[in-house]
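Participant: Sharing a structure here in structure tokens format.
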Amino acid sequence: MFQPAAKRGFTIESLVAKDGGTGGSPGSGGAGSHPLAVAASEEPLRPTALNYPHPSAAETAFVSGFPAAAAAGAGRSLYGGPELVFPEAMNHPALTVHPAHQLGSSSLQPPHSFFSAQHRDPLHFYPWVLRNRFFGHRFQASDVPQDGLLLHGPFARKPKRIRTAFSPSQLLRLERAFEKNHYVVGAERKQLAGSLSLSETQVKVWFQNRRTKYKRQKLEEEGPESEQKKKGSHHINRWRIATKQANGEDIDVTSND
């Protein structure tokens, strides 16, 4: 069976005295010097992460391969922009890079990083991307043409038509023309538009709306009973045609008998 190795006991005073006796000069006191004096002459204690030597050329080349330049061993972010570097880490005395390593890293640093200033310019997209309604709002107004999202694309919305405000005299003339004829086309519409200082499109739209209103008012005046009579008479006429009967006495289609 393996036997556990004997533990070695030592104290801080013995280590300090040993280092002072072997590394010191003959006139510095040697092994008989005071432990506090020897400790004061030593290099101040640092955390373990700060006691590493300067990076080698291979390490510097590895770091310089990333978008960020190897100007510092730590405190440098992945992006190469100077605004993303921590100022506390750059000013720390233990994180400075040796001049020789700076020269080596400058030759190995890529010429352009992805996040450099030239890549921050407005991106150029294909026209079909800009015309798409679902992607156009994600880009800035400077990148998107003004007519790219309104007049193009299968789902683009047409601009709303401005409603014309007619004067009382124009409405009176239009109503009189509608009483004479519900459809005004050709030279008659052109003459009416010229006399009212309107365009032919405005006159055409007004007549379309007026015909729709007229049909709706007519249906409201007749009521549901007249509509039922029309449907009943239609079925009776079809029955008479099918049975080849002459028009005799009228049949009341609204009776409940």
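Quick reminder: no glycine exception, Cβ is built from N, Cα and C everywhere.
So Swiss-Prot lists these for the protein:
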type	residues	note
DNA_BIND	159-218	DNA-binding region
REGION	216-257	region 'Disordered'
COMPBIAS	217-230	compositional bias 'Basic and acidic residues'
Participant: The DNA-binding region (159-218): mean pLDDT?
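Facilitator: Reported value for the DNA-binding region (159-218) is a mean pLDDT of 90.
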Participant: Run through the DNA-binding region (159-218) and tell me, per DSSP, how many residues are helix, strand and coil.
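Facilitator: The counts are 42 helix, 0 strand, 18 coil.
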